[in-house]
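Trainee: So that we are looking at the same thing, I have put the structure below in structure tokens.
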Protein chains: 2
Amino acid sequence: MAQTVQPGKFVYFFSAGRTEGGAGDKKLLGGKGANLAEMTTLGIPVPPGFTISTEVCTYYYANGNKYPADLQAQIDKGIAELEAAIGKKFGDKANPLLVSVRSGAPVSMPGMMDTILNLGLNDETVAGLIASTGNARFAYDSYRRFIQMYGNVVLGLKHHDFEHILDGLKKSKGVTEDLALDAEDLKKLIAEYKVEVKAKIGRDFPQSPKEQLMGAIDAVFASWMNDRAITYRKLNNISEALGTAVNVQSMVFGNMGDDCGTGVAFTRNPANGERKFYGEFLMNAQGEDVVAGIRTPLSIEKLGEKMPEALKELHSYADKLEHHYKDMQDIEFTIERSKLYMLQTRSGKRTAFAAIRTAVEMVDEKLIDEKAALKRIDASTLPSLLAKIFDEKEKKEVLAKGLVVATGLPAGPGAASGKIALTAEKAVEWAEKGVKSILVRVETSPEDISGMHSSEGILTARGGMTSHAAVVARGMNKPCIVGCSALEVDYKTGTVEFNSGTAKAVKMKEGDHISIDGFTGQVLNASLNTIPSELEQVFVTKTLPMEKSLLAQQYARIMQWSDQYSRLKVRTNADTPEDAAVARSYGAMGIGLCRTEHMFFAEERIAAMREMILSSSLEEREKALAKLLPYQRADFKGIFSAMEGLAVTVRLLDPPLHEFLPHEEAQIEELAKAFGKTSQYVHKKMDDLKEFNPMLGHRGCRLGVTYPEITAMQTRAIIEAAAELLKEGKKVFPEIMVPLVGHFKELANQAKVIRETADAVMKEKGIKVEYALGTMIEVPRAAVTADEIAEHAEFFSFGTNDLTQMTSGFSRDDSEHYLPYYIEKGIYPQNPFQVFDWEGVGKLVEIAIEKGRKTNPKIKLGVCGEHGGDPASIGYCHRVGLDYVSCSPYRVPIARLAAAQAALA
Amino acid sequence: MAQTVQPGKFVYFFSAGRTEGGAGDKKLLGGKGANLAEMTTLGIPVPPGFTISTEVCTYYYANGNKYPADLQAQIDKGIAELEAAIGKKFGDKANPLLVSVRSGAPVSMPGMMDTILNLGLNDETVAGLIASTGNARFAYDSYRRFIQMYGNVVLGLKHHDFEHILDGLKKSKGVTEDLALDAEDLKKLIAEYKVEVKAKIGRDFPQSPKEQLMGAIDAVFASWMNDRAITYRKLNNISEALGTAVNVQSMVFGNMGDDCGTGVAFTRNPANGERKFYGEFLMNAQGEDVVAGIRTPLSIEKLGEKMPEALKELHSYADKLEHHYKDMQDIEFTIERSKLYMLQTRSGKRTAFAAIRTAVEMVDEKLIDEKAALKRIDASTLPSLLAKIFDEKEKKEVLAKGLVVATGLPAGPGAASGKIALTAEKAVEWAEKGVKSILVRVETSPEDISGMHSSEGILTARGGMTSHAAVVARGMNKPCIVGCSALEVDYKTGTVEFNSGTAKAVKMKEGDHISIDGFTGQVLNASLNTIPSELEQVFVTKTLPMEKSLLAQQYARIMQWSDQYSRLKVRTNADTPEDAAVARSYGAMGIGLCRTEHMFFAEERIAAMREMILSSSLEEREKALAKLLPYQRADFKGIFSAMEGLAVTVRLLDPPLHEFLPHEEAQIEELAKAFGKTSQYVHKKMDDLKEFNPMLGHRGCRLGVTYPEITAMQTRAIIEAAAELLKEGKKVFPEIMVPLVGHFKELANQAKVIRETADAVMKEKGIKVEYALGTMIEVPRAAVTADEIAEHAEFFSFGTNDLTQMTSGFSRDDSEHYLPYYIEKGIYPQNPFQVFDWEGVGKLVEIAIEKGRKTNPKIKLGVCGEHGGDPASIGYCHRVGLDYVSCSPYRVPIARLAAAQAALA
């Protein structure tokens, strides 16, 4: 679809007679405007109108909030053409043209001014509307709605300013419903509204339709820079330069009588993806009534009972649009006096479940090809496929009993159940005793992090999808519901109350059991069992056969296509055979990071580890290391076996040694006793190991350089494990990775120890083990000297967590003190520990890639930081030409899809 | 002087008849060899010989310790020519040729094999030596010395193995002096030595002179890679690739009788630079006797009494050499039977005092020009010019009383006096009470750092010039004596004993007063007053008029020439008017770093600072900041006044806020009380501020971004101070520097606050203040995005301390745990916090320079890390094109000289 940009042209018309632009013009006309033009061209009945292009927005902000000189004339011309097309006149006392004004950015943008309806009404034209419709109540209702909407959005009055007057009127009349007000009441209301407007803004409510229109256009452009819009753009990485368009469209009315109505529909089910027309409508209503929830909309099938022709026509347009756009459509329609009008069509938002199903089925329907199917799925939503779920039967029973006490925003997918914990401390305390909890707070802050970790799920009364609780919970893969406005928390009494206003209020107290459904936002006054996701049942626990799960079959096809189109390989970060097996079930192509330090914490091992640390001589240290060797060898055999046939990158000991020592006095004394040292000696040793900045301390290869015997022991364990498995006929590909290298001589030093030890073991065992030797690139110095380092390495694995810490000078553990401010103030678009900072840290990655390949063209390059599981960061990894990413087992599916999407981008 | 390299030629001959090479061939022939050839060519009597070139050494190590095929033949040819030149034959039973074998690298290299004398002696040739000299005792003594030296250096026997036998013989003879042994005794000793050699190495002492020679050559080349030599090269940044040469030279003897002698001399006084021939000699002795210290050498003037002709001749050679080399020469000579031979000449080592004087006077003598004079002075020695000294009269009295109890290595210049403290804790404890101490230890380790800081000076029994104590003390500018072998420390009893073996032992205890002279290495059993250096008296305290100080006059000329030839400007890091004034006295051209945090520690200020930190609202914080404003304004007025006419870069608040809070419970409670908060509140606040890695924490501009009111207050103080001074007619050039910027938006954010505040103040004051706004480049991310940052900055100041910490991942406070190993193992050549790591961190500096200049060609670039006072690092700063360096006040002279040297390099 062609681009329709014409220099100096700012207003684009659409009507059955003449339409400028189409679906390909989203950048110029915004999503809504482009689709209105497209539908018009397709011959679908759309009320005519025109779109003021995004170029005007850009001009407006680049020129001190001024419009191009020619704009007013073009708008006037647009209005004139619209009057001609529709046979009504703007401001006409007999049969006035009324318009809606809507914003419409190139990408969907909540937070901006949305809609002003019925523009063009004034004290005179309202009479015309009465005359032309013969419906005074409708006309006055339209006018008072217009004053309210315009007063609020354009003139800056509060919603409350009007509600107040309306409530007073209803009270004086002794009614509760708006519908109980008659035409005279509404006329009176209009008068009072106008008084209120004048009182607040110091001048009359504008009566000139043209003035009304320009005011509304101003308001749309101004809303592009309101706080909510700015925040949304930042969070979603949307460029400010895009700008918004303004759509001015002639009004049609769904509220003119019983032959009128309005509704929304999806061409397929947006929750599960089933190919079934899905939607709801209200008779004799305007669009806002459907959304407001005062009247209960009817299922779209019911429309057939009332207006079978309209439903048939709607079906045909829906089909036409889905085939035309080759995607599931979300449409809005209005029926005015039995005539159907389409007001909007756009790609339908869908759950991950629906995304998988629609994508696969559209391929089978030959509507789209595999590549398009892959692009359709938002990789970041895939965690919901793997999140825990409630037992379906159990949940049905609970729903049947009406135990849903509130509904909030589903901010983190998954099901969770536990005791209400009102403080982070309580959640931590219970977790230590094995008691499951749901952390319930008004809102969360950085001090609640440990409690969030310790709980099964999080529920907050305040906050939106991007609040602290929501963002942190998603990062932790925890079920989470935020913005649960029915919830009131009283920390003092330790109680909570759920009071949605519509049902009976429910009081509960800390310690009571609740369940939360992070897919739907439902809060349940019940203790429900959670079970693994359907995919986990099929692929990991193997308790559900593939043939019984349509989801699993379709997921498997998506993953197969992903691997087919991606260039980037996907490995996993796994430290145990169990994790390795899970990751492999989800398609991991090897281990990119196997951390060895976690292996030292089991009881008998930590003793030997501490003995090693407390050693006062090489001899003592070697004795302690000899005790650790068999454990490590066994660990590696388990992991290599789980990953048979695939590469396993083992990182040598990384954390500072003090992390392995106890902190409590009793434990210290016990430790001293166990190793025949005084507790003073232990304290002295601990003092010696204490560090001001452990992140930049004695860790990583610095341990191996100072204690080469540790490197030797670990190498021996790796090569012995590999040798034993090779003798059993298993294929293993160990890769030994040296952490925290900053200077090539560090790597050369460790490589010597590794090669000599490996050679010795191979000689002892009489078998050759193929292994690779490489390094992490996580210290900035390593990046800028990667040419020297690459001469000693067969692979680089970018440790983007630490690289981000050192390059930006952000201690990850401390950054909560300032990073939230940074994101709030727009200094960073996102948390650089979640989405890789390619504009900054990325520069070092690119330098390292270029320099590394210069001296070692065959070097293998990967990422093993947590960014390896983030779709946007994976896109970056693809673009800069890495060979693989490595992520946690449960993010492997995301990474596979994101890798394919990157390749197809 | 031309280079004499000829491919395939390895042996270079020198004799009065024919000499190959000269002083220009140091790279090929080593320093010693090149100068021997040069002297020979100049017609100065040098015993003939030949030099085996450094190329052989390089070949040897590149080819698995093998020599070039042709080498043996060339050596044989060299020996033949030498035999012809001297009229003696190698191995001749009647009149044998004897040679010395010495190493000689292109740069002076202690740690390698030094000298083997009398090579060519064996059971047969010793008889020939007797015959030709008529001196049996001399001949046998020469032989037994040769066996001892050769056995030790070439055959690997211990010194002790021989001493043992010698002691036994003396005991059996009832004598104590070697000289008491006669020819027969020595003959017997030789037999016993040979038995010992055979017992230890399993074969006879080599009798073939050629075999002896090849063994000695092997030993020289092998010593190039011994541990001491490797360590020395690392410490002095000498390339391993240089290799050493071997000098084989015919022997002359200073120990053949009373018409013989040997000595060393300097053409000028190496201690103070006075133009006066200076040296000492021994009659009837070999070179090693002068060094060994058993006999007391005589002053060189005395030679005139014994051999006036020889002294006259020596004078003439010395003059000739100094004029030829245009530098002060350190020469060695031997007189054999009244004939003078020159054995070595080289540039003489000198103190900083001597370096200044010789350089200036040689310019006045028109021997060298100003540029050469500047190159002559080792900038790193200049701190000794500024170190404290003893009152000369007082010290003379003490010396006269014989109170020197020991002499060690002068490892850190300066005079210090105080009570003996045997532990770091004691030194700290005393310092807190205002008691001065000298820390006396067997050796120091990282745990002693705080004690070293607290003491006036350091004295250790062990360690060399590069030991922990020596290196740390020089870094701290503390007087230090190491390797004081006469010192024994008994920590248990708290006593020390000085027992040099020659004088009476002196026992002292902890708390007794001693003084140390770090210029000479003398330890004095006395409490001496220390006074400021001569230069400080002239330039800072102004208690000594310039015309009374030759040193000050000459120093001033050196500094003037330095500024004339340097491109790099030298600023200072100063936080007080006092420091600023000192730095200005030493020629600072502005302040490159004025840290504002130190200003907050005075009693009334810390209270307001803490109030600010404990604030729970913006309002409270602003109230506290308002209290700090007048202090800051007064500080800045003081500093700007002291630097009137010069630029002053003020860094905004940098350290994390917790650094300003107290740590002891009582203080915390007091603090809480003072601000009407509970101590729980204070504890909570402190917990909230606690950080895992404060280095990467909430500090620098992150404080300003989260609390813009701090930035505003500091800006107000700066601009108000400047405005008030401008009104007084003073010229001030404030530069406001934002620390820890990593992202250009941080700088943009702070720049907005600064510009708005500055504009407001200027409006209030009704005066325009010219100020610059810039940033530190100390976060790696800033370096790689310097193009973006430069758009918001008028200057960059590289904070190389923090840049090194983050780029290399080294916490400076913790790096003592591993950096010493790194230097020991050659991973880093030096401590990167002392000498800038241009191979690594430098890459980022270069990227930042290139990118910064790309978007802002006029940007001013400087360095304000401690490297700004290190000569090697200053050289780097010059090479990469920085505009200025900034260093501590007492390093300004070093930096000025180093800047000139860099420009002249």
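The backbone N, Cα and C atoms fix where each Cβ goes, and this holds for glycine too.
Please treat TrEMBL annotations as automatic predictions, because they have not gone through curation.
The domain 'Pyruvate phosphate dikinase AMP/ATP-binding' feature in TrEMBL is assigned to B:27-64, B:70-297, B:309-365. What TrEMBL records for B:437-521 is domain 'PEP-utilising enzyme mobile'. What TrEMBL lists as active site, tele-phosphohistidine intermediate is B:His468. Look at TrEMBL and you will find B:554-902 tagged as domain 'PEP-utilising enzyme C-terminal'. Positions annotated as substrate binding site by TrEMBL: B:Arg595, B:Arg651, B:Glu778, B:Gly799, B:Thr800, B:Asn801, B:Asp802. If you look up TrEMBL, you'll see B:Glu778, B:Asp802 marked as Mg(2+) binding site. The active site, proton donor annotation in TrEMBL covers B:Cys864.
Could you tell me the structural context for the features on the list?
Mentor: Counted with DSSP, the domain 'Pyruvate phosphate dikinase AMP/ATP-binding' (B:27-64) comes out as 24 helix, 4 strand, 10 coil.
DSSP assigns B:Thr800 (substrate binding site) to a helical segment in the three-state reduction. The Cβ of B:Thr800 (substrate binding site) lies under 8 Å from the Cβ of B:Glu778, B:Phe836, B:Val841, B:Val845, B:Val863, B:Cys864, B:Gly865, B:Glu866, B:His867, B:Gly868, B:Ser873, each of which sits 6+ residues away along the same chain.
For B:Glu778 (substrate binding site), the number of other Cβ atoms no farther than 10 Å from its own Cβ, over all displayed protein chains, is 28.
Counting every protein chain shown, the Cβ of B:Cys864 (active site, proton donor) has 28 other Cβ atoms within 10 Å.
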Trainee: Sort out for me which stretch, of B:27-64, B:309-365, B:554-902, has the most Cβ pairs below 8 angstroms to the domain 'PEP-utilising enzyme mobile' (B:437-521).
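Mentor: Of the candidates B:27-64, B:309-365, B:554-902, B:554-902 scores highest.
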Trainee: Between the recorded positions B:His468, B:Arg595, B:Arg651, where is the Cβ count within 10 Å the lowest?
Mentor: B:Arg595
Trainee: Assess whether the domain 'PEP-utilising enzyme C-terminal' (B:554-902) lies in contact with the domain 'Pyruvate phosphate dikinase AMP/ATP-binding' (B:70-297), where contact requires at least three Cβ pairs under 8 Å among residues 6 or more apart in sequence.
Mentor: yes
Trainee: Six or more residues out from either end of the domain 'Pyruvate phosphate dikinase AMP/ATP-binding' (B:27-64), which same-chain residues have a Cβ under 8 Å from its Cβ atoms?
Mentor: 1, 3-5, 9-16, 19-21, 71, 75, 78, 81-82, 85-86, 99, 102-108, 217, 221, 224-225, 241-252, 317, 320-321, 324, 339-346
Trainee: Determine, using Cα-Cα distances only, which of these binding-site residues is closest to B:His468 (active site, tele-phosphohistidine intermediate): B:Arg651, B:Gly799, B:Asn801, B:Asp802.
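Mentor: Of the binding-site residues B:Arg651, B:Gly799, B:Asn801, B:Asp802, B:Asn801 has its Cα closest to that of B:His468 (active site, tele-phosphohistidine intermediate).
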Trainee: If H, G and I count as helix, E and B as strand, and all else as coil, what does DSSP give for B:Cys864 (active site, proton donor)?
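Mentor: DSSP assigns B:Cys864 (active site, proton donor) to coil.
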Trainee: Can you give me the residues near the recorded substrate site, meaning same chain, not B:Arg595, B:Arg651, B:Glu778, B:Gly799, B:Thr800, B:Asn801, B:Asp802 themselves, Cβ no more than 8 Å from the center of the site's Cβ atoms?
Mentor: B:Leu593, B:Asp654, B:Pro739, B:Met776, B:Ser797, B:Phe798, B:Leu803, B:Cys864, B:Gly865
Trainee: Given a separation of at least six residues and a C-beta threshold under 8 Å, show me what packs close to B:Asp802 (substrate binding site) in the same chain.
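Mentor: Spatial neighbours, sequence-distant, of B:Asp802 (substrate binding site): B:Met695, B:Leu740, B:Met776, B:Glu778, B:Val779, B:Gly865.
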Trainee: B:Asn801 (substrate binding site) has how many other Cβ neighbours within 10 Å of its own Cβ?
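Mentor: B:Asn801 (substrate binding site): 17 neighbouring Cβ atoms within 10 Å.
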Trainee: Once the chains shown are all counted, how many other Cβ atoms turn up within 10 Å of the Cβ of B:Gly799 (substrate binding site)?
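Mentor: Step by step: centre on the Cβ of B:Gly799 (substrate binding site), count other Cβ atoms within 10 Å, giving 27.
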Trainee: Across the whole of the domain 'Pyruvate phosphate dikinase AMP/ATP-binding' (B:309-365), what does the mean pLDDT come to? Round it, please.
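Mentor: That stretch averages a pLDDT of 96.
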Trainee: How far apart, in Å, are the two Cα atoms that lie farthest from each other among B:Arg595, B:Arg651, B:Glu778, B:Gly799, B:Thr800, B:Asn801, B:Asp802, the residues recorded as binding substrate?
Mentor: 15
